[in-house]
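Sequence annotations record features per position, and here TrEMBL assigns substrate binding site to 77, 175. The feature divalent metal cation 1 binding site is assigned by TrEMBL to 94, 105, 232. Positions annotated as divalent metal cation 2 binding site by TrEMBL: 105, 168, 201, 232. What TrEMBL records for 11-239 is domain 'Peptidase M24'.
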Ligand code: MF3
Ligand code: CO
């Protein structure tokens, strides 16, 4: 079931989303060699709690933290740790805030100091994939228009698109329908309708799109241990087009 949201409900979701946006805005200038992902975790949790919101991932299906911190070959769901980030790392920070029962979800990749040209290209192309996907999220289009734009851009740059982790509808629940992969064909899939709220969150890999999961049951890594990046926004479909609720 796809749960359509009223304009009033979209404004409530935007408030939750803007708490997440503030987390990312705050952390962006602080990410540099030496900071730990546990410090980032505490900053995110502090901002979420300050707004009277809840760190939704903490306890979600047993996930222990307010953020996911995914370094280098980690695609998603990495645990924050006390290991300092190092020059040349890339790290994706993902969080979900719950405010007044509504959820906002956004992930962002960050460069730690100077990074390799390959890492820089991967981050740039991944962000472009998100932007190209959002541009296709028009009422009347189909999800395949969104996902094929993402897949075409990633693959034409020699990168892979992760299949095993999905984008999702979002509202009062984190994973509402539609749950969908970031690959597809133009003109195929669910028709996009005013009132839909869903994430677009391409996970793009330097090499293979296959992944493994660590013994902690969460940490998803590329099979070939090459780099992965991810940018995620929560978007609402309006008559005028997509609105980025987690816009920073
Ligand atoms: N952004 C993630 C998602 O799209 C947030 C969930 S992380 C989890 O599902 F660890 F809590 F599952
Ligand atoms: Co998500």
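Don't overthink the numbers, they just go from 1 along the chain as shown.
Heads up, the Cβ atoms here are built off N, Cα and C, so glycines get one too.
Feature map: TrEMBL annotations on the structure.
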residue : record                               : Cβ contacts under 8 Å, 6 or more apart
77      : substrate binding site               : 63, 68, 70, 94, 218, 219, 220
105     : divalent metal cation 1 binding site : 17, 20, 94, 95, 96, 170, 174, 199, 201, 232, 234, 246
168     : divalent metal cation 2 binding site : 174, 175, 176, 177, 178, 179, 180, 198, 199
Those binding-site residues in 77, 94, 105, 175, 201 whose CB falls under 6 A of ligand 2, listed in sequence order: 105, 201
In three-state terms from DSSP, label residue 77 (substrate binding site) for me. coil
Mean pLDDT, the domain 'Peptidase M24' (11-239)? 98
For the recorded divalent metal cation 1 site, enumerate neighbouring residues of the same chain (Cβ within 8 Å of the Cβ centroid of 94, 105, 232, site residues themselves excluded), in sequence order. 20, 95, 96, 106, 107, 199, 201, 230, 234
